[in-house]
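What TrEMBL says about this protein:
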type	residues	note
REGION	1-33	region 'Disordered'
COMPBIAS	15-33	compositional bias 'Basic and acidic residues'
REGION	57-82	region 'Disordered'
ACT_SITE	H175	active site, nucleophile
BINDING	K177, K401	substrate binding site
REGION	470-492	region 'Disordered'
Amino acid sequence: MDEDEDLKQAIALSLRDRLEGNDSDQHEQHEMKQALALSLGKTVEQLTARDMMRLQDSMGSNQGEKRPFSESTSPTSDAKRTAPERFWDGVVRLTYVEGFTLASAIRFEDIVQKSHLRKALITAMVVSTDWIEEQFPPDINLCVVLHGRPAMARKLDNRVFIMPPMKDENWGVFHSKLMLLFHTSSVRVVIGSANLEPYDYRDLENVVFIQDFPESSHTVAHEKDLPEFARDLCDLLDKMQVPPSVKQELFKYDFSRAKAHIVASVSGVFHGDYAYRRYGHPRLADVVRQIDAANPETRIEIQTSSLGGMTPSYLHELYRSCCGTDPYANGGKTPRVTRDMHLPPVDIIYPSRDTVEDSKLGPPGAGTICFNRASWEKTTFPKQIMCDSISHRAGTLMHSKYIIASLPGASKKGNNAMKGWVYVGSHNATMGAWGKLSQDKMTKEPKTSINNWELGIVLPLHDTSDIPAPYLRPPPRYKPGQQPWTQEGYFD
């Protein structure tokens, strides 16, 4: 039996034990209450009547076969439960993890809603084609964008597979996670961190931003007439070289209520005053200024599932963009980072070796959580900013990618003032994902060089924001001598 089969059997046995140990409905309901309270940042005693309604809805959807028919179960209530849920104002949701009953977590099938689907575009670095064929109707047009070299497009019946162009043949990956789900009378935009394989939507913790947009009363004639959110999507589709019909389909929908700001990375080198700010962390800086959150003393938490060769110099570069600082506003002279400079107020949240070894899946479940031991052992690596990545769902490993920015003095402003902002998406805390700034030696113009394709969104944070963080906050610092998870020794 190979390692994958061993892992599947171990998971199955673990779940069987869990189910056999929780056969009491009363005990299970108590666990559900605790999970709901945790997801809302409350105690069980603080749950409201509306919260309890959410709990009942969740129990109905998670226990469909087990729930007995009673007076409270009628054809009318069944119809309400099966009606497609729409997120007209946009939501951030953590994905379902097998063995947990987090009320707000969302399953892949509830994202896709295939019985209402007419056509779709889906993208990821890793795509399990067999699984995708199970999740999407065979008779709809489906465009799949994934990593591969060389760049190419291939059509098979009503399936189109595209591998976008890369900056060069040696470096970078296509890592963007985007879904455009064209339903009967709306389009659902999904931007997240999960690959298109069952493992990511069952065993690991991932995050998705979802917003639905209704059909418009009139079709937009030109891309320039679309709101910025839709224009950014169109730009990405052009860069990915997907069929023009996919982009033109977006012209039929009303994006006026778009809540998020898109931050994308495109593999390439971008020169000039406008182009260098279009993608990567310079784009993040633009968005931070756009939402009026620029502040040179912002506190940053970066939760990542992969790490690269971080240095103090690059940490400062990334931090300046998180603060909304334009690095070329002063004539192209970027601040010089010296050895005696303090590190910026940044926490990098990445699992320790202890956390991975103690997780439910153990080291075999951490195949997509990546860091190189040689990078950790370099004297330039800022070890003092490292924090452990501990999930609220005990023993779960995280494949999500978050940035949480806290503005100084925000707690004193009141009146639901902006407290900061949050990023969710596919960007890990690496130079390959966010890009590197420099100055062209010939033209003296700024340029951004990016290896990867990435995609995420930024949302402002207020007191009333309902955006879950997957990890314990404040994240615990690495203990003296504690090591980060690296794959050397396990997957050699």
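Yeah, the Cβs are placed from backbone N, Cα and C, and that goes for glycine too.
Feature map: TrEMBL annotations on the structure.
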| residue | record | Cβ within 10 Å |
| --- | --- | --- |
| H175 | active site, nucleophile | 27 |
| K177 | substrate binding site | 25 |
| K401 | substrate binding site | 26 |
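Distance from the CA of H175 (active site, nucleophile) to the CA of K401 (substrate binding site) is 12 Å. Using DSSP to sort the residues of the region 'Disordered' (470-492) gives these counts of helix, strand and coil: 0 helix, 3 strand, 20 coil.
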